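Enquirer: Below you'll find the structure I mean.
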Amino acid sequence: MKVKLYHPTREIILKGPKQVAVLLRELNLPKEAHLVICGDELVTEDLVIPDDQTVEIRPVISGGE
Amino acid sequence: MKCRQCQKSAVIKMERHNTSLCGGCFNLYVHDQVDRAITEQKMFDHGEQILVAISGGKDSLALWDVLIKLGYRTAGLHLDLGIEAYSEVSRKKVETFAASRGLDLIVHPYKEAYGLGVIEIAEETARPACSACGTMKRYHFNRIAMERGFPVVATGHNLDDEASRLLGNVLQWQEEYLEKQSPVLSDEGGTWARKVKPLFRLAEREIAAYSILNRIDYIVDECPMSKGAKMLLYKDILNRLEEASPGTKHKFYLGFLKRPRAATATAKPVDLHPCQSCGQPTPGAVCGFCRLMQRVTP
């Protein structure tokens, strides 16, 4: 599967299928600070992403002041 | 995973509420939380016109979207900070959002007004970037609201913003800031525009989810000046606590709001008078913004 990441913006390829919760854990990305978009849809952590899918892992934290 | 309300497929699991919701039910939840914040804290009513501070990020655009859907009269204010590509993209997102919904938008570009962007102003005054930016934002939100007759300025500060600010204030025992920290800052009898934070009951993750679900096109990139900012560290720490113990951020901030402030109430009432330079209310002879700009203007 193709995974889009931010900070810096990049794409990586991982072997699927893989559950969203497992994907975040393997990438060491906290659930509370990220959302996963599969295709065009927001998905929950129990969803299993097929190998041929593209997903975006979007960080939700912002702000400095 | 199924929606706890209607059994459709869920789009988000919220550990702190021990629930999962579908898109439709989640939107209702977000609207309800904002409505509850506005009502409980007496932020404003439908008769008042609200100036919404819009950065182009998820929080402010989601806030504007929700306020419109709840039927409030609004206009947007975008401060173009002059941070090169970041500000260009941000401004474009804001203008596109406003145009697509036919909303009134005020844009105040720093470079046109002062010949400098916020980075240059921070550098010339040797102030931390977020500190200089905060001073300038607070000044312009108030000044533009007062000049244009808006009694209320709404910002997109969320639960994570407020909890991390509280953590920072507690760690440094900033008692004066602790006393003032609130989702509503009074207009001091019409001296200021009232400042309100209608998203304070919603976690940052929930607002990002709302923006994605409602196809709000926001800037995902971080402000380049916020790198290494303490607030980001505090947010990270709170998110680790949240994962270990869901509801921590909510209990921390909302618990703080419920507590009496007497223990920290040390500040005396502030005597405000017009700034000698710009006329805006200030406790000193010259306001913080004018002092900042005096250091960059030859």
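Glycine is treated like the rest: Cβ placed from N, Cα and C.
Remember, TrEMBL labels are computer predictions, not curated facts.
Sharing the features that TrEMBL gives for it:
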DOMAIN    B:2-27  domain '2-thiouridine synthetase TtuA-like N-terminal LIM'
BINDING   B:Cys3, B:Cys6, B:Cys22, B:Cys25  Zn(2+) 1 binding site
DOMAIN    B:49-222  domain 'tRNA(Ile)-lysidine/2-thiocytidine synthase N-terminal'
BINDING   B:Cys275, B:Cys278, B:Cys287, B:Cys290  Zn(2+) 2 binding site
Enquirer: Ten-angstrom check, please: count other Cβ atoms within 10 Å of the Cβ of B:Cys287 (Zn(2+) 2 binding site), all chains counted.
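Expert: Here the count is 25.
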Enquirer: Here are the binding-site residues: B:Cys22, B:Cys25, B:Cys278, B:Cys290. Which has the lowest count of other Cβ atoms within 10 Å?
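Expert: Each of the binding-site residues B:Cys22, B:Cys25, B:Cys278, B:Cys290 was scored by Cβ atoms within 10 Å; lowest is B:Cys278.
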Enquirer: Long-range same-chain neighbours of B:Cys6 (Zn(2+) 1 binding site), Cβ under 8 Å, sequence gap at least 6?
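Expert: Long-range Cβ contacts: B:Cys22, B:Gly24, B:Cys25.
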Enquirer: Determine, to the nearest whole angstrom, how far the Cα atom of B:Cys278 (Zn(2+) 2 binding site) is from the Cα atom of B:Cys3 (Zn(2+) 1 binding site).
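Expert: Computed Cα spacing between B:Cys278 (Zn(2+) 2 binding site) and B:Cys3 (Zn(2+) 1 binding site) is 54 Å.
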Enquirer: Taking 8 Å from the centroid of the Cβ atoms of B:Cys3, B:Cys6, B:Cys22, B:Cys25 as the cut-off, which other residues in that chain fall inside it around the Zn(2+) 1 site?
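Expert: Result: B:Lys2, B:Arg4, B:Gln5, B:Gln7, B:Lys8, B:Ala10, B:Leu21, B:Gly23, B:Gly24, B:Phe26.
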Enquirer: Reported in the order helix, strand, coil, what are the DSSP residue counts of the domain '2-thiouridine synthetase TtuA-like N-terminal LIM' (B:2-27)?
Expert: 8 helix, 8 strand, 10 coil
Enquirer: Give the distance between the Cα atoms of B:Cys3 (Zn(2+) 1 binding site) and B:Cys290 (Zn(2+) 2 binding site), rounded to the nearest whole Å.
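Expert: For B:Cys3 (Zn(2+) 1 binding site) versus B:Cys290 (Zn(2+) 2 binding site), the Cα atoms are 52 Å apart.
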Enquirer: Sequence gap of 6 or more, Cβ distance under 8 Å: name the residues on the same chain that satisfy this around B:Cys275 (Zn(2+) 2 binding site), in order along the sequence.
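Expert: Result: B:Pro281, B:Thr282, B:Ala285, B:Val286, B:Cys287, B:Cys290.
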Enquirer: If I take every residue in the domain 'tRNA(Ile)-lysidine/2-thiocytidine synthase N-terminal' (B:49-222) and average their pLDDT values, what number comes out?
Expert: 95
Enquirer: Enumerate the residues of the same chain, B:Cys275, B:Cys278, B:Cys287, B:Cys290 excluded, that satisfy the criterion Cβ within 8 A of the mean position of the Cβ atoms of the recorded Zn(2+) 2 site; list them in sequence order.
Expert: B:Tyr139, B:Gln276, B:Ser277, B:Gly279, B:Gln280, B:Thr282, B:Val286, B:Gly288, B:Phe289, B:Arg291
Enquirer: Across all chains shown, how many C-beta atoms besides its own are within 10 angstroms of the C-beta of B:Cys3 (Zn(2+) 1 binding site)?
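Expert: Looking across every protein chain shown, the total is 19.
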